[in-house]
Amino acid sequence: MPDVLPPNLPLAIPPRAPLLDVHGLKKAFGGMIAIQNVDLRIAEGSVHAIIGPNGAGKTTAFNCITAFVQPTAGTIYLGGERIDGLPAHVVARHGVARTYQNVRLFPNMTALENVLVGQHRRLHATFWEAILGSGRFRREEAEARARAHHYLAFVGIPQRAGDLARHMPYGDQRRLEIARALVAGPRILMLDEPAAGMNPAEGRALVELIERIRTELGVTVVLIEHHMRVVMAVAERITVFNRGAILTEGTPGEIQADERVIEAYLGRRSGQIAAPAASPEPQRQMEARIA
Amino acid sequence: MSEVPRSATEPGAFSEWLRRSTWVDHVLLAIRISVAALVLVGLAGGLTAGTYSAADFVSFTMFGLTIGSIYALIALGYTMVYGILRMINFAHGDVMMIGSFAGLFAAGALNDAGLLNALPLLALPLVLAAGMAGGATMSLIIERIAYRPFLHVRSLAPLICAIGMSFVLQYAARGLFGTRNRAYPGFGWMEGTVSLFGLIVPIPQIVAFIAALIVLAGLLALVKLSPLGKAMRAVAEDRDAAALVGINVGAVIVATFAIGGAMAGVAGVLYALVFKQITVFMGFALGVKGFAAAILGGIGNLGGALLGGLVLGLAEALGPALVLEGFGLPAPYQLKDVIGYGMLVMILIFRPQGLLGERLASKRA
């Protein structure tokens, strides 16, 4: 894109380019198509939820975007730069951070060390500077520690700094994983079922945390979530996945009113919001039908 | 049952154990007791026989520390690679052999150039550097050819490849360097002995021990302090999660092999200095010793490799005199490997996670 717009074009017309722009994403595992024709546009500074029944391909889409798996087809742009096809650590260095459905911390490191590792790409001191304890190394190290403590406090677990990750309660492990993701200074944070296993009070605290991530840190948030209360409270836009493709996209109000969503995802129209996490249908069955 | 409970709170702990245990537990307990009894009887006999003086035992200890630190250097390579790839690099002993020969050729070249005698103190670091370079290079070549293709494959193939690489190295070296024993040219100042606190100690032993300590300290500093060390720990704990926080996993693996190979190279050079002769087949026996030390300390644990190496070295050096002598065995030193490997078997039976290792019950293993 040119730096300066041609003077004869009205400035108001071009809509702001999305921060994350996914087009035609497809992932096949052998002959089994997990997702196809997935288009996602995540606006900068927004909170965007992805919902859908189990096996709909939500996590597969996350895995493709973070290069955890390589997509079969499609393009992924982050802030105008193409990131599909890059190795996972390079994608992370472009500013994509994520958490996992089943928490993946470094279990035998303390909370503080987990967050320190999250800053890996910020450290520049060389081996010899580290061994000799040079000024730059000590300054970087002190900064890294201060930043780590700051983010532990930000997610609400400052008292856990010295605890081994595997000894922490589940809810705190989830918060620690978010702190580890945030400390790298990402542009976009992808949360995979952050509220899984949380009680309503913890869910409310999570909603508040996501709000603060957006407003105080200015980080765009994409989350996969089954807890409708959480989704409706935080998301500005919602994308609904079903059977490996996108069913629809809209504001929380539009999604709640959409008959197809209610049928595909929430079950029969009974007025009650069911917990779809309990849906027993295994992924393979679902995808066999698409293929 | 006729047994009377000893107290209200503890109703016959022994009968309870008897009820809950199986015959396997009984056999294991019997083994424990008999091993302990053997060691105690041997110790009593050895100490009362008075074949060796106190000074002898101190010098055995010195020798044990020297060979133990060489085992530790080798063990670290096994344990680092295991920590990161969950794989035993069976070619590691032969990497050490290559490092030893690299040192040999460097020492020969320095000798021909007259530098060995002109700059004796500079020559040793140069020879060590050659050994490190040789070991690291060979380790990297092995990683590239034999292991990287299997990085994302869960199978026994890398293990088979490792064994294959071991033979390739041994027989390539045999073809290139010959099978005869080779010796480093004499470093003038390293001939002879020094007397230390009233003990007579060969200089190469002291040099090897100090050099090993320096290298080990450098490695521990690297792992504890540097960003690379932190990245290595992260990759060892969860490779995929490490990649997603921005760590270049491939680069960390390469660095691990390079460091492990360099330390094996140092071990090869130090071994040659202490034992005076090397062969192309030395890698197998020493590799197994290093592997045993890594298991002894707890594979995947750096401190454990260090401890395991020293314990194995000390057991080999002191065991024959202390324990075997007590049974009046002829030539107990011929049996030092019995002690070393006997300890390995005992550890595997009674403490499979090693001295410092953690239980791997539910972890990938």
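Every residue gets a Cβ built from N, Cα and C, even glycine.
Heads up, TrEMBL stuff is auto-annotated, nobody curated it.
Residues annotated as transmembrane segment in TrEMBL: B:27-45 (among others).
Through the fold, the transmembrane segment (B:57-78) approaches residues 88-89, 92-93, 95-96, 139, 199-201, 205, 208-209, 212-213, 215-216, 219, 260-261, 263-264, 266-267, 270-271, 274, 286-287, 289-291, 293-294, 297, 299, 302, 305-306, 308-318, 321-322 of its own chain, all at least 6 residues removed from its boundaries and within a Cβ separation under 8 Å. Residues annotated as transmembrane segment in TrEMBL: B:57-78 (among others).
Residues or ranges marked as transmembrane segment by TrEMBL: B:90-110 (among others). Residues 74, 77-78, 81, 116, 123, 126-135, 138-139, 142, 146, 159, 162-163, 165-166, 169-170, 173, 177, 182, 184-185, 187, 260-262, 264-269, 271-272, 278, 280-288, 290-291 of the same chain sit 6 or more residues outside the transmembrane segment (B:90-110) yet have a Cβ under 8 Å from a Cβ within it.
Using a Cβ-Cβ cut-off under 8 Å and counting only residues 6 or more beyond its ends in the same chain, the transmembrane segment (B:122-141) has close neighbours at 77, 92, 94-96, 98-103, 105-107, 110, 115-116, 169, 184, 187, 190, 207, 211, 254, 257-266, 268-269. The transmembrane segment annotation in TrEMBL covers B:122-141 (among others).
Here TrEMBL flags B:153-173 (among others) as transmembrane segment. Residues 85, 87-91, 93-95, 97-98, 101, 138, 142, 145-147, 280-281, 283-284, 287 of the same chain lie 6 or more positions beyond the ends of the transmembrane segment (B:153-173) yet place their CB under 8 Å from a CB of it.
Feature annotation from TrEMBL assigns transmembrane segment to B:193-220 (among others).
According to TrEMBL, the feature transmembrane segment maps to B:241-263 (among others). Residues 73-74, 76-78, 80-81, 84-85, 89, 92, 95, 99, 132-133, 135-140, 142-143, 148, 151, 215, 219, 222, 228, 231-232, 234-235 of the same chain, all 6+ positions outside the transmembrane segment (B:241-263), place their C-beta atoms under 8 angstroms from a C-beta of that stretch.
TrEMBL lists B:295-318 (among others) with the feature transmembrane segment.
Taking Cβ pairs closer than 8 Å, the transmembrane segment (B:338-356) reaches residues 28, 31-32, 35, 289, 292, 295-299, 301, 303-304, 307-308, 311-312, 315-316, 319-320, 323-324 in its own chain, all 6 or more past its ends. Per TrEMBL, transmembrane segment is recorded for B:338-356 (among others).
Away from its own ends, the transmembrane segment (B:193-220) comes close to residues 55, 58-59, 62-63, 65-66, 69-70, 72-73, 76, 124, 128, 259, 263, 266-267, 270-271, 273-274, 302, 306 of its chain (Cβ-Cβ under 8 Å, at least six residues beyond either end).
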